[in-house]
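**Q** The following feature annotations were taken from TrEMBL:
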BINDING   A31, V32, N36, S260, N292, L411, S415  Na(+) binding site
TRANSMEM  21-40  transmembrane segment
TRANSMEM  52-70  transmembrane segment
TRANSMEM  91-113  transmembrane segment
TRANSMEM  173-194  transmembrane segment
TRANSMEM  206-230  transmembrane segment
TRANSMEM  250-274  transmembrane segment
TRANSMEM  286-307  transmembrane segment
TRANSMEM  402-424  transmembrane segment
TRANSMEM  444-465  transmembrane segment
TRANSMEM  471-494  transmembrane segment
TRANSMEM  515-534  transmembrane segment
TRANSMEM  561-587  transmembrane segment
Amino acid sequence: WQALLSSNMEKDSRPNWDNPMQFVMACVSYAVGLGNVWRFPYLCQMHGGGGFLIPYLLMLFLEGLPLFYLELAIGQKMRLGSIGAWTAISPYLGGLGLASVVTSLYLCLYYNIINAWSFWYLFHSFQSVLPWADCPINSNQTGPIEECERATPTQYFFYRETLDISSSIEENGGIHTGQALCLMLAWMITYLFIVRGVKSTGKVVYFTATFPYVVLFIYLIRGVSLHGAINGVKYMFTPKMEQLANPTTWINAATQIFFSLGLGFGSLIAFASYNQYNNNFERQAIVVALINSGTSIFASCVTFAIYGFKATVNYENCLERTRLLLLNTFNLAEDSITIDNTFEWIEKLNTTYPQQFAQLTHKLENCDLESELDTAVEGTGLAFIVYSEAIKNMPLSQLWSVLYFIMLLLLGMGSMLGNVTAIITPLRDFKVISRMSNELFNGLVCLFCLLLGLGFTTTSGNYWFTMFNDYGATFSLLFIVLIEVITVSYIYGIKRFEKDIEDMLGHRPNWYWKIMWAGTSPLLLIALFIFYIINYIQGGTPTYQAWNKELGKSVVTEYPVFGQIFIGLLLVSSVSCVPLTALYVYCRNRKHGLHHKRQRTISTVSA
């Protein structure tokens with residue numbers, strides 16, 4: 001490895017950020033991503049509203065911050081990408097950087113497809129009626145398409161028009177041309193953002209890091225003024241404390257912090273490697289981590305306001321249907337029942353006409369605002385189905401749609417910069433590649449990812465997307481970061497690490513950082529790691545949500561054998577880089593050792 005990597009002499013010619021602000025913006029743009037807008041609100045909803053903030057903030061200080069600091073320190077000290085930095089610490093650890101690169105590659109493949117969907121929705125927003133507002137008419141012009149009637153117009157638009165999804169992962173159709181073109185566009189823009197390395201990325205991040213906040217703020221004002229928004233916000237800030245006894249809550253809080261800060265991908269090491277040697281990364285680590293968590297909470301307020309609006313609309317529609325049913329069945333005057341007194345009338349009619357009422361019971365819906373708010377939607381479903389459903393009910397829906405999808409694009413693109421940098425920077429440290437021009441090499445990486453990513457635009461592509469999303473990163477990241485923190489604390493040594501930091505910052509890290517690195521963080525990571533493995537084994541056959549055309553909803557389906565094998569490969573492929581590289585270096589050293597011994601023996605004999 002040492003021979004392959006560029007020498008220290010070339011470190012001085014390494015490009016730098018124009019100023020520390022650019023570095024902070026790049027980290028914010030990378031850390032604040034789609035997860036803040038859709039994963040965090042979902043977790044809040046699942047784990048008892050505001051109560052989730054307690055484990056979340058605890059985990060931020062117990063593992064998020066210390067590990068974030070650690071990665072920035074390593075990048076800035078070594079001035080190399082992940083592979084080079086870990087090789088410099090110990091030649092046996094080159095595989096740790098390699099594992100980061102492989103994980104980042106998986107992320108790049110599927111992350112840009114979300115940006116492609118955002119483009120697709122954005123282009124469809126410029127219409128007098130949003131295409132997901134109503135069901136399209138069937139070919140006989142007699143009524144709406146059946147699949148759409150069974151589902152909702154927003155679900156139909158996502159599953160049929162956007163994904164043209166097959167009924168299972170085993171059925172494969174061709175590539176969806178519209179999606180493929182959107183994916184190409186997403187990769188072209190990613191390429192333009194990174195074409196000249198840090199020089200272009202540094203300019204772009206000012207925009208990708210700040211503009212989403214403008215949109216979120218506009219949305220907050222819009223969201224709070226919507227009818228019923230207050231129900232959603234109240235729901236978020238009413239903690240259900242019993243959730244704190246549930247271990248899953250803590251695990252989700254820990255993994256959320258972990259992903260949200262982007263630990264273990266090698267992006268932070270890559271970004272920090274372009275810093276000046278004496279840059280104050282300690283202050284920056286704290287600022288970025290706090291901005292990231294603050295954004296999650298802020299975005300949740302917006303999401304829950306819109307959630308409250310959607311839930312209230314659904315709840316009132318349900319009451320309206322009940323009202324009409326009662327009016328028609330009992331021939332009452334039109335204005336006698338209102339939405340507000342429906343429940344009182346139900347009781348009244350039930351006592352006065354018990355027989356007639358008994359025949360109605362199977363037709364009566366159970367209208368409940370709380371259960372409307374409880375239905376949690378995760379990930380892409382929240383971003384593309386729930387939000388688009390809320391948007392279509394707003395006045396001036398086209399404007400809100402365009403704003404929302406531009407925001408998603410900027411969040412997604414900002415994170416893509418970090419993901420691609422995590423692949424490019426470590427590879428550019430190799431002599432062979434450092435001879436190539438930036439433009440050419442970066443172009444080849446983007447082209448390679450685009451071609452592999454086209455698989456996600458086929459009809460079963462969304463199921464593969466889910467597989468990558470569920471299994472491509474979690475396990476390997478926990479493993480990578482665990483090895484990182486053990487390496488720094490016990491192989492490289494905290495004392496040496498302290499000296500390096502003093503050399504850069506002019507002061508040693510205080511006791512808080514040291515306790516976290518040496519004890520708390522590794523123990524937490526080991527616990528998470530064990531828990532993840534137990535969960536995976538106990539979970540039985542891995543499942544996914546398959547879209548059922550006849551029912552108009554998703555059904556839980558088990559992965560076929562080839563899917564399970566592929567999941568195994570995803571989990572093993574990145575993690576195995578660490579032991580394999582160590583083994584390779586060990587064997588090579590032994591070979592060299594024997595070779596040197598032989599040479600020494602020969603020279604003694606000839607003497």
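Using the three backbone atoms N, Cα and C, a Cβ is placed for every residue, glycine included.
TrEMBL does not curate its annotations; it predicts them automatically.
Keep in mind it's a predicted model, so treat the numbers as computed, not measured.
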**Q** Who are the long-range neighbours of the transmembrane segment (471-494) in its own chain, taking Cβ under 8 Å and residues 6 or more past its ends?
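**A** Sequence-distant neighbours of the transmembrane segment (471-494): 67, 70-71, 74, 86, 89-90, 93, 96, 99-100, 102-103, 106-107, 110, 255, 258-259, 263-265, 514, 517-518, 521-522, 525-526, 528-529, 532, 536, 542, 567, 570-571, 574-575, 578.
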**Q** Test the contact criterion for the transmembrane segment (91-113) and the transmembrane segment (561-587): 3 or more CB pairs under 8 Å, pairs 6 or more apart in sequence, then answer yes or no.
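**A** Checked: the transmembrane segment (91-113) vs the transmembrane segment (561-587), in contact.
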**Q** Between the transmembrane segment (206-230) and the stretches 250-274, 402-424, 444-465, work out which stretch tops the count of Cβ pairs under 8 Å.
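**A** Between the stretches 250-274, 402-424, 444-465, 402-424 has the largest tally.
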**Q** What else in the chain is close to the transmembrane segment (561-587), if you only count residues 6 or more beyond its ends and a Cβ gap under 8 Å?
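**A** Hits for the transmembrane segment (561-587): 1, 91-96, 98-99, 102-103, 106, 169, 467-468, 471-472, 475-476, 479-480, 483, 541-542, 544.
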**Q** Do the transmembrane segment (286-307) and the transmembrane segment (444-465) come together with 3 or more C-beta pairs under 8 Å, pairs six or more apart in sequence?
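**A** No; fewer than 3 Cβ pairs under 8 Å.
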**Q** So, taking each listed stretch (52-70, 250-274, 444-465) in turn and counting its Cβ pairs to the transmembrane segment (173-194) that are under 8 angstroms, which one gives the highest count?
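**A** That would be 444-465.
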**Q** Using the Cβ center of A31, V32, N36, S260, N292, L411, S415 as the Na(+) site position, which other residues in that chain lie within 8 Å, going by their Cβ?
**A** V28, Y30, G33, L34, G35, G262, T295, S296, G414
**Q** Which sequence positions outside the transmembrane segment (52-70), separated from its termini by at least 6 residues, show Cβ-Cβ distances below 8 Å to it?
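**A** Residues 43-44, 239, 243-244, 249-250, 253-254, 256-258, 261, 263, 268, 281-282, 285-286, 288-289, 293, 296-297, 481, 484-485, 488, 509, 513, 516-517, 520-521, 524-525.
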**Q** Which one of these stretches, 250-274, 444-465, 515-534, has the most C-beta pairs shorter than 8 Å to the transmembrane segment (402-424)?
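**A** Between the stretches 250-274, 444-465, 515-534, 250-274 has the largest tally.
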